[in-house]
Structures are given as structure tokens and as C-alpha cells.
Amino acid sequence: MTNDTSRAHIGVVGLAVMGSNIARNFARHGHVVAVYNRSPEKTRALLAEHGDEGEFRPAETIEEFVASLERPRRALIMVQAGPATDAVIGQLADAMEPGDIIIDGGNSLYTDTIRREREIRARGLHFVGAGISGGEEGALNGPAIMPGGTAEAYASLGPLLESVSAHVDGTPCCAHIGADGAGHFVKMVHNGIEYADMQVIGEAYQLLRDAAGLEPAEIAGIFREWNTGDLDSYLVEITAEVLAQTDAATGRPLVDVILDAAGQKGTGRWTAKAALDLGIPVTGIGEAVFARALSSALDQRAAARELPAGRLGEAPADRDAFVEQVRRALYASKIVAYSQGFDEINAGAAEYGWDIDRGALATIWRGGCIIRARFLDRIKDAYDRDPALPALLLDDYFRAQVADCLDAWREVVVTATRLGIPTPVFASTLAYYDGLRAERLPAALIQGQRDYFGAHTYRRVDREGSFHTLWGDDRSEVEA
Ligand code: NBP
């Protein structure tokens with residue numbers, strides 16, 4: 001990889017959990033790694049605990065760090081997103097020379113990445129915003145990596161990143177995504193999809209618990225079985241593990257002693273906000289973000305506990321049949337949520353001029369990251385069949401899969417509604433699906449209302465042009 005054996009192939013700035021693990025990953029793959037952290041204790045601790053895992057070049061100043069790198073220098077920043085990242089970029093850019101590459105591997109907002117890339121490019125350096133997924137375990141043993149930036153920077157950096165990424169069937173879970181913020185954008189949508197995927201699993205769990213009356217250990221067995229079929233995925237696998245866990249202190253299922261208030265660090269919310277700005281209905285992701293917010297509104301929930309439920313229906317009579325219906329509902333709403341996520345990626349690519357290969361993206365997500373699943377092979381196949389596929393739902397395979405689940409999906413949403421069990425993603429993705437395939441939507445009425453109160457005009461189904469009805473006058477129609 002290099003002719004210069006004395007200098008480091010790559011450097012990592014920021015040696016908290018993610019940075020130190022990825023530095024170890026590089027070292028374990030035979031790369032010489034320069035390491036630097038603002039507080040030197042972390043650098044020393046890394047060397048003391050893991051210095052024998054490969055060749056590290058520790059530095060205690062940023063200048064020493066930069067000087068230890070071979071050219072073009074490659075410095076991967078793994079510090080807190082936001083101002084800390086800006087501070088480190090500034091320090092590196094001051095110490096580096098034209099042609100060198102600064103990589104931000106943190107969870108940065110893609111618009112920050114677009115700005116930083118522009119600023120750094122103006123200084124003759126390359127800036128690569130790289131989404132890294134898989135948490136601390138992935139960073140150590142093989143994450144999914146989604147680098148943006150120029151093709152030129154990727155040519156120098158790609159082989160290094162690919163070597164430490166996860167691999168599935170021999171293919172690295174790392175590929176160049178597109179210019180400037182493309183990598184962080186798709187990583188953001190990945191996290192949004194992760195929110196939706198976790199929420200549909202949660203909704204299935206609650207239905208099996210509250211509608212079918214099953215215990216967590218039994219539901220763990222069901223998820224284990226589901227993990228052998230279409231739903232085979234890391235998230236379903238760990239769901240079974242969590243549900244099977246008993247709390248040592250109380251002897252109760254662990255899931256029953258965990259406070260039911262879901263946290264979020266922000267990437268799901270960013271995905272929903274970006275979708276609103278782009279005008280893309282990611283209802284599955286949006287409802288998943290809102291569901292976490294609702295769960296965390298503990299005071300409000302406590303105050304609302306006595307709100308009436310109305311007359312509730314009966315639990316499903318055939319439990320085994322209901323379990324299978326829930327599996328199908330979960331699968332169908334998952335397909336819709338992914339389809340919506342890919343719509344957002346299409347829209348982002350169109351807005352920012354990124355040429356994103358969606359099939360390659362599905363390939364990257366097969367390993368290393370939280371949403372890794374057999375399912376992603378099917379998405380890859382769909383984009384192989386038609387690289388310009390207008391929506392994942394329109395692919396023949398997914399169309400057939402949803403059709404196969406549709407009756408069960410409707411039944412489950414009805415049952416949940418009758419029993420007062422909230423299923424925001426099951427229900428909203430079904431409403432989206434029905435909206436998408438509807439011949440007529442009430443949007444015509446909304447256009448009429450908008451024209452009435454604000455003279456916003458409307459288009460007609462039978463003629464070109466914009467029209468306005470003179471509502472306050474003789475109600476005749478004029479061409480606007
Ligand atoms: P943290 O996000 O907790 O950040 C801690 C690191 O940032 C330390 O090395 C700290 O140095 C450094 N830092 C801060 Br804070 N302010 C700094 C400044 N002004 N100048 C220089 N360094 C500064 O670390 P993490 O959890 O390892 O995550 C690193 C990045 O990876 C983040 O952007 C995160 O969002 C992203 N990420 C995390 C995960 C995950 O599962 N944790 C997954 C994927 C991506 P110090 O030691 O001197 O305080």
C-alpha cells in the first residue's frame with residue numbers, strides 16, 4: 001500500500017470508543033496508524049492496552065501527528081460531531097499541505113459536510129465525509145463505511161477503508177457514495193431506516209404480548225423462528241436475545257424492568273427533517289421518530305393514563321394464525337419503510353447532484369451496520385434488474401411480497417385499532433401504500449379549499465393551465 005515504511009498509512013484523531021476501535025482495526029489489518037487525542041491520556045491508554053495489536057505511531061500534538069503521516073496524508077477524525085469536529089478540521093487543515101485528505105468519520109449532519117468540503121477544497125485539500133455504521137463493535141471488527149468526497153480522494157483512501165470494513169461474500173461493505181455530503185446523507189437515512197425497522201419490530205412485539213397474550217420468552221422463540229426466513233436480520237436476532245433475557249435482580253423478564261422511554265441521538269430526527277424539506281413522505285421513519293418522542297414524554301403519559309379507551313374488541317381467537325399475520329404485517333411495513341428511505345436518497349441525490357448507486361448502497365448495508373439483513377440482497381437484486389427503479393415497491397419481487405402480506409397487514413392494523421394497541425408504523429405505512437395506489441386522492445378537495453380561501457388556483461384533469469373560481473363573485477371559472 002505504501003513505499004514509505006517509516007510513516008503511518010493513516011491517522012486517527014479522537015480516541016474515544018469509536019476512534020480507538022477503528023485505529024485498532026487499521027493496525028490489526030497491517031496498516032501503520034498514527035493516533036492522536038486532545039487529552040493524551042487516551043492515546044497512552046490505547047498504546048498501553050492494545051499497542052501490541054499492530055504498529056501505532058502515537059503523537060501528543062497535532063503537528064507531530066501530521067508529520068508522522070505518509071503523503072498524501074490521510075487523517076480520520078472520530079470526535080464529537082458539531083463544533084469539536086470543526087475545531088479539529090481547522091487544526092488539521094493548518095498543519096496539512098495541498099493534496100492531503102481529511103476524513104470525518106463522525107455522525108455529522110450532511111449539510112455541515114457540504115459546507116466543510118467546500119471550505120477545505122478551497123484550501124487545496126480533500127475533505128471526505130464518511131458515514132460509519134456498526135457502533136463500537138463494528139468499528140473494531142468491520143463497520144459499513146459510506147464515504148463521500150471526490151473520486152480522486154477515494155482512489156487514495158478507498159483501499160484502506162475497504163480493507164477494514166465488514167465483508168459479505170468477499171465484497172467490502174464500503175464504496176464511494178458520491179460527492180461532498182453524499183456519504184453522511186446516506187448514513188443519516190440508514191439511521192432513519194434503522195429507527196423504522198426497530199419500531200416495526202417493537203409494534204410486532206407489543207401485539208404478540210398484548211393482543212396474543214404471549215410472554216417475552218415465548219416471543220423470543222417466535223423472533224428466533226422469524227429470523228430463519230424473510231425477516232432474517234441482525235435486529236430480529238438481537239430482539240430475540242433481549243426478550244429472552246431475565247433480570248438478575250428481580251427474576252422478571254429484563255424487558256419488563258427497562259423504562260419504556262426510547263432515547264435518540266438525532267440522526268432519525270435529521271432524516272425526518274430532511275425528508276420534510278425534500279417533500280418526501282417517509283411516514284415510517286417519521287412515525288418511528290415520533291413514537292420515541294411519545295415514549296419519552298413520561299409526565300404527559302402519566303397524566304394521560306386515565307384517558308378513556310372506548311369500547312375495545314376481542315383478542316384474536318386463533319393465536320397461531322395471528323402470529324403469522326403479525327409477521328406479514330411487520331414484513332410489509334418494513335418493505336414500505338425501506339422503499340420510503342430509498343425515495344429520500346433519490347430525492348437527496350437529485351437535489352445535491354449526487355450520482356448514487358442504490359444497488360451498491362444496499363450491498364454496503366448487508367454487513368457491519370445495524371440494519372444488516374438478508375433482505376438487502378433482495379434490494380440489490382431489484383436495482384440490478386432496474387437501476388432506474390422509480391420506487392422499491394414497484395419492483396416485481398417486492399410488489400409480490402407486499403401483495404402476499406396485504407390481507408394480514410390490514411387485519412393486524414384493524415385488530416390493533418380495535419384493541420387500542422398503538423401501531424403507528426404498521427398503520428401509517430399501510431395508509432401510505434393505499435395513498436400511493438389510490439386512483440383519486442382528496443388533494444382535489446384541498447386544492448379547491450386553497451383556491452377558495454387564498455386564490456391559490458388549481459389545475460384541471462381535462463385541460464392544461466391554472467384556474468381560479470371566482471368564489472366571492474358569480475363562481476365562474478377563470479384561467480389564472
Ligand atoms: P464522542 O462522540 O464521545 O467524542 C469524544 C471524543 O471527541 C474524544 O476523543 C474527545 O477528546 C474528542 N473531542 C471533543 Br468531545 N471535543 C474536542 C475538541 N474540541 N477538540 C478535539 N477533540 C475533541 O466519541 P465516540 O462515541 O467515539 O464517537 C466519535 C464519533 O463517531 C462521533 O461523531 C459519533 O457521533 C460517531 N459515531 C459513534 C457511534 C457510536 O456507536 N458511539 C457510531 C457511529 C458513529 P478528549 O478525550 O480530549 O475529550
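Note: Cβ is positioned from N, Cα and C throughout, glycine not excepted.
A TrEMBL annotation is a machine prediction, not a hand-curated record.
Database features, via TrEMBL:
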- GLY14, LEU15, ALA16, VAL17, MET18, GLY19, ASN37, ARG38, SER39, VAL79, GLN80, ALA81, ASN107: NADP(+) binding site (BINDING)
- ASN107, SER133, GLY134, GLY135, HIS190, ASN191, TYR195, LYS265, ARG292, ARG450, HIS456: substrate binding site (BINDING)
- 183-472: domain '6-phosphogluconate dehydrogenase C-terminal' (DOMAIN)
- LYS187: active site, proton acceptor (ACT_SITE)
- GLU194: active site, proton donor (ACT_SITE)
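Comment: NADP(+) site residues GLY14, LEU15, ALA16, VAL17, MET18, GLY19, ASN37, ARG38, SER39, VAL79, GLN80, ALA81, ASN107; largest CA to CA distance 21 Å, whole number. Candidates GLY134, HIS190, TYR195, ARG292, HIS456 (binding-site residues) were compared with ASN107 (NADP(+) binding site); none lies inside 10 Å Cα-Cα. For ligand 1, the neighbouring recorded positions among GLY14, LYS187, GLU194, HIS456 are GLY14, by Cβ distance under 6 Å. The 10 Å shell around the Cβ of ALA16 (NADP(+) binding site) contains 13 further Cβ atoms across the protein chains shown. Long-range Cβ proximity for LYS187 (active site, proton acceptor), meaning a same-chain Cβ under 8 A and a gap of 6 or more residues, is found for ASN107, GLY131, ILE132, SER133, MET146, THR267. Looking only at other Cβ atoms within 10 Å, the busiest spot among the binding-site residues ASN37, SER39 turns out to be ASN37. Every protein chain considered, the tally of other Cβ atoms within 10 Å of the Cβ of the residue listed as 'active site, proton donor' stands at 22. GLN80 (NADP(+) binding site) and GLY134 (substrate binding site) have their C-alpha atoms 16 Å apart, to the nearest angstrom. Cβ neighbour count within 10 Å across all protein chains ranks HIS190 highest among the binding-site residues HIS190, ARG292, HIS456. Cβ neighbour count within 10 Å across all protein chains ranks ASN107 highest among the binding-site residues GLN80, ASN107. Of all Cβ atoms in the shown protein chains, 27 besides its own fall within 10 Å of the Cβ of TYR195 (substrate binding site). When the Cα atoms are compared, ASN37 (NADP(+) binding site) and TYR195 (substrate binding site) turn out to be 31 Å apart. Nearest Cα neighbour of ARG292 (substrate binding site) among the listed recorded positions (GLY14, ALA16, MET18, SER39, GLU194): GLU194.
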